[in-house]
Amino acid sequence: MRVGVLTGGGDCPGLNAVIRAIVRKGVPEYGYNFLGFRDGWRGPLEAATMPLDIPAVRGLLPRGGTILGSSRTNPFAIEDGVQRIKRNLQNLGVDALIAIGGEDTLGVATQLHDAGVNVVGVPKTIDNDLSGTDYTFGFDTAVGIATEAIDRLHTTAESHHRVLIVEVMGRHAGWIALHSGMAGGANIILIPEVPFDIDQVCRYVEARFRLHYAPIIVVSEGAKPKEGEESLHSGEKDAFGHVRLGGVGEYLAREIESRTGKEARTTVLGHVQRGGTPSSRDRWLATRFGLHAIDAVAEEKWGMMTALRGTDIVMVPLAEATKELKVVDPALYAEAEVFFG
Ligand code: F6P
């Protein structure tokens, strides 16, 4: 049996650990051979492959990024995309595909499964916004990086009596902002799920200065003010129709300065949150997902995805996991609000 493996969408720490676990179990235990597809769905679309055997996965556990490369290629936005993939898989003798990705990559996997491709999914995203699994790998590393940044910004904010704003990733869901903001003791956390009132933000800022402390604001890149959101981001879109985000931190700094007279500066963490070595928790989760994904192939659990439930790894239907995003519950946000201002 020949198994293809691909990583699609935004990269995240732990992808290589999944690939390693798949191959390290799949070769000796099941006698499978593997083929790496390059750059997400571009690989099967263009028959762009690389060898994937045990020597190829040596030393991968702590390595960030993905040796297979990634892209946001959407085969459903390309004429004849699905037929080309099916043809290439057949020509390459690939019997099954393991797709490691987030909402878009696994959304494609779901539709390919419906089109008759033998596919198993593995969820990844630093945003942690995939349904069906308690956590995705990559998230823990990103939260750790953001928390360290917040810790460092506290001391410089105090020294200069400034408002410091940290813009973190999180397109539709505020999980990174919520977790790192709570862990780092942010005074305000703004997330996409709860449009913010800029007057209220300024009241929190002033309250914080009255206590002789400098405010730290953590904002998800996808957060929006109750009014005027259109002007924040460029109109540029990817193949899945997502707008390229960025600008809410600068918007906040401008508004806060003009309304409160306090100096406000923004740090955009951007891709720093996605790069570098995975945390030990992400290596653990990614490795277990890889082991269970190859078991799922052996058991022909097509159209299913590995998921974490508590400390167990279970299989859930891809269709269920990609139906809707997992966003922050208002009750969790209310917990964080206790510390605002
Ligand atoms: O989906 C993960 C993510 O990191 C989002 O938080 C972010 O909006 C997006 O990817 C950025 O993607 P790119 O690196 O393609 O600009």
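For all residues, glycine too, the Cβ spot is worked out from N, Cα and C.
Annotation comment: TrEMBL describes Asp127 as active site, proton acceptor. The number of other Cβ atoms within 10 Å of the Cβ belonging to Asp127 (active site, proton acceptor), over all protein chains shown, comes to 27.
Feature annotation from TrEMBL assigns diphosphate binding site to Gly10. All chains included, 20 other C-beta atoms sit within 10 angstroms of the C-beta of Gly10 (diphosphate binding site).
Here TrEMBL flags Glu103 as Mg(2+) binding site. When secondary structure is read from DSSP and collapsed to three states, Glu103 (Mg(2+) binding site) falls in the helix class. In sequence order, Gly9, Thr125, Asp129, Leu130, Thr322, Leu325 constitute the residues six or more apart from Glu103 (Mg(2+) binding site) in its chain with CB-CB distances below 8 Å.
In the three-state DSSP reading, Met169 (substrate binding site) counts as coil. The substrate binding site feature in TrEMBL is assigned to Thr125, Ile126, Asp127, Arg162, Met169, Gly170, Arg171, Glu221, Arg265, His271, Val272, Gln273, Arg274.
Among the features that TrEMBL reports, domain 'Phosphofructokinase' is placed at 2-297.
Note: Asp104 (site 'Important for catalytic activity and substrate specificity') has non-local neighbours Gly8, Gly9, Arg72, Asn74, Phe240, His242, i.e. same-chain residues 6+ apart with C-beta under 8 A of its own C-beta. Annotation comment: TrEMBL describes Asp104 as site 'Important for catalytic activity and substrate specificity'.
The local packing around Lys124 (site 'Important for catalytic activity'), expressed as other Cβ atoms within 10 Å of its Cβ over all shown chains, amounts to 34. Annotation source TrEMBL lists site 'Important for catalytic activity' at Lys124.
Here the binding-site residues are Thr125, Val272, Arg274; the one with the fewest Cβ atoms within 10 Å of its Cβ is Val272.
In the three-state DSSP reading, Arg274 (substrate binding site) counts as coil. Take Thr125, Ile126, Asp127, Arg162, Met169, Gly170, Arg171, Glu221, Arg265, His271, Val272, Gln273, Arg274, the residues named in the record as contacts for substrate: the widest Cα to Cα gap among them comes to 33 Å.
Using a 10 angstroms CA-CA radius around Met169 (substrate binding site), the recorded positions that qualify from Gly10, Lys124, Asp127 are Asp127.
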